[in-house]
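S.K.: Quick one: this structure, given as structure tokens, is what I'll be asking you about.
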């Protein structure tokens with residue numbers, strides 16, 4: 001008798017089909033209303049059109065990312081042209097190019113489901129409904145989902161980064177490193193997430209070194225900051241008494257991360273030859289120490305995941321922390337004050353373009369009064385504590401690796417841009433301690449409302465700029 005798919009498998013494909021069908025319908029609607037390239041699509045579609053014509057030596061200096069999206073798109077269009085007999089030029093249109101992101105978004109749905117299964121599969125209390133609901137929610141994360149309907153790099157960048165993370169979790173470091181190269185070709189800053197999975201690989205090697213029999217150290221010990229002291233003490237003792245153990249540790253580390261080292265060396269070579277990370281438009285993409293980006297990220301996390309955080313347990317937990325650790329709270333508030341006062345930057349694009357959420361946030365909140373950025377500090381402290389508390393289930397080394405990568409990915413960015421938060425947000429949300437399905441359902445409803453509002457504004461509320469041809473549309 002043939003194997004019959006179980007109900008959870010059928011439910012997965014049903015939800016996946018709904019996601020793909022809805023995304024396809026929205027793509028048709030977006031392209032019907034905005035049938036020409038819009039915003040950064042002007043540069044991306046112009047560049048991929050050259051690739052479709054075989055003009056690989058021509059490059060638009062306004063483009064800041066590597067050509068991963070254009071290479072994938074032109075290769076796919078060439079394959080479809082050969083298979084169906086169409087001309088490549090007939091396929092390299094706005095609609096079909098945007099359609100590639102719908103395919104990648106569907107791939108993101110599958111990757112998110114697989115990642116949730118891998119990360120939380122040991123929790124027997126989680127039902128198949130929980131996994132599907134969390135997958136559907138994360139796959140429609142508003143900042144990412146909106147990019148599905150435009151020919152932007154975000155969907156592909158997320159796809160290959162999530163695929164790299166999944167390969168790492170399955171212990172296939174070689175494949176993870178290879179997929180990491182593809183992620184970098186979509187966006188150079190994804191080298192940070194290659195370093196992230198490399199750091200997690202190092203964490204595993206160190207954990208095996210500290211507890212070879214899996215009995216000496218408990219999971220609670222690994223989550224405790226004192227675990228770092230245990231590691232340093234073990235290394236000190238081995239340096240004094242057992243050089244063989246240190247040698248074996250070094251060999252195991254090299255064996256585990258050599259492929260990531262090769263990727264890192266290749267990226268370093270590119271940076272040296274290119275004289276920087278950015279490919280083009282360098283004047284508008286200069287690095288700086290924009291420490292409040294960490295505060296903004298934590299606020300975005302709390303804002304989009306508020307059904308998980310806005311409850312009496314979380315608020316009381318924060319108040320207990322403040323009362324129990326007043327010095328830490330004052331110190332953290334002081335560091336936030338220094339960050340706001342000395343390291344707040346206002347990119348010239350921020351208030352020059354009223355088509356984005358960030359314009360209104362900055363103009364109508366931050367700029368309303370000079371005291372407001374300082375008045376937000378208690379909110380920053382709460383958001384930082386909340387994000388940290390919901391990662392308590394992770395080991396201290398994991399949290400350190402994530403923190404270093406988060407700072408590296410966000411702080412150098414002068415422009416406040418929600419799209420920079422997509423990958424760290426998804427990594428946080430995937431690893432967050434599980435909440436109830438009801439809370440996730442409320443989160444899904446929140447995403448639905450935000451997506452509906454944003455798409456409605458984009459599609460139905462165009463506006464004009466003085467002395468400028470064409471219509472403008474509101475978007476992330």
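Cβ atoms here come from the backbone N, Cα and C positions, even for glycine.
Note: TrEMBL annotation is automatic and uncurated.
Grabbed the feature section from TrEMBL, which reads as follows:
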- 12-30: transmembrane segment (TRANSMEM)
- 95-116: transmembrane segment (TRANSMEM)
- 128-152: transmembrane segment (TRANSMEM)
- 175-202: transmembrane segment (TRANSMEM)
- 253-273: transmembrane segment (TRANSMEM)
- 293-310: transmembrane segment (TRANSMEM)
- 322-343: transmembrane segment (TRANSMEM)
- 371-391: transmembrane segment (TRANSMEM)
- 396-416: transmembrane segment (TRANSMEM)
- 436-459: transmembrane segment (TRANSMEM)
S.K.: Might you confirm whether the transmembrane segment (12-30) is in contact with the transmembrane segment (396-416), defined here as three or more C-beta pairs under 8 A between residues 6 or more apart in sequence?
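M.R.: No; fewer than 3 Cβ pairs under 8 Å.
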S.K.: Quick one: find which recorded stretch in 128-152, 175-202, 293-310, 436-459 has the most Cβ pairs under 8 Å with the transmembrane segment (95-116).
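M.R.: That would be 128-152.
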S.K.: List, by number or range, the same-chain residues at least 6 past the transmembrane segment (253-273) whose CB is under 8 A from its CB atoms?
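M.R.: Contacts with the transmembrane segment (253-273): 173-174, 176-178, 180-181, 184, 188, 191, 194-195, 197-198, 201-202, 204-205.
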S.K.: State the residues, same chain only, that lie 6 or more residues beyond the ends of the transmembrane segment (371-391) and have a CB under 8 A from a CB inside it; answer 'none' if no residue qualifies.
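M.R.: Distant contacts of the transmembrane segment (371-391): 294-295, 298-299, 301-302, 308-309, 314, 317-318, 321, 329, 332-333, 336-337, 340-341, 344, 365, 398-399, 402, 428, 431-433.
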S.K.: Based on Cβ pairs under 8 Å, which of the stretches 12-30, 128-152, 175-202, 436-459 lies most in contact with the transmembrane segment (293-310)?
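M.R.: Between the candidates 12-30, 128-152, 175-202, 436-459, the best contact partner of the transmembrane segment (293-310) is 436-459.
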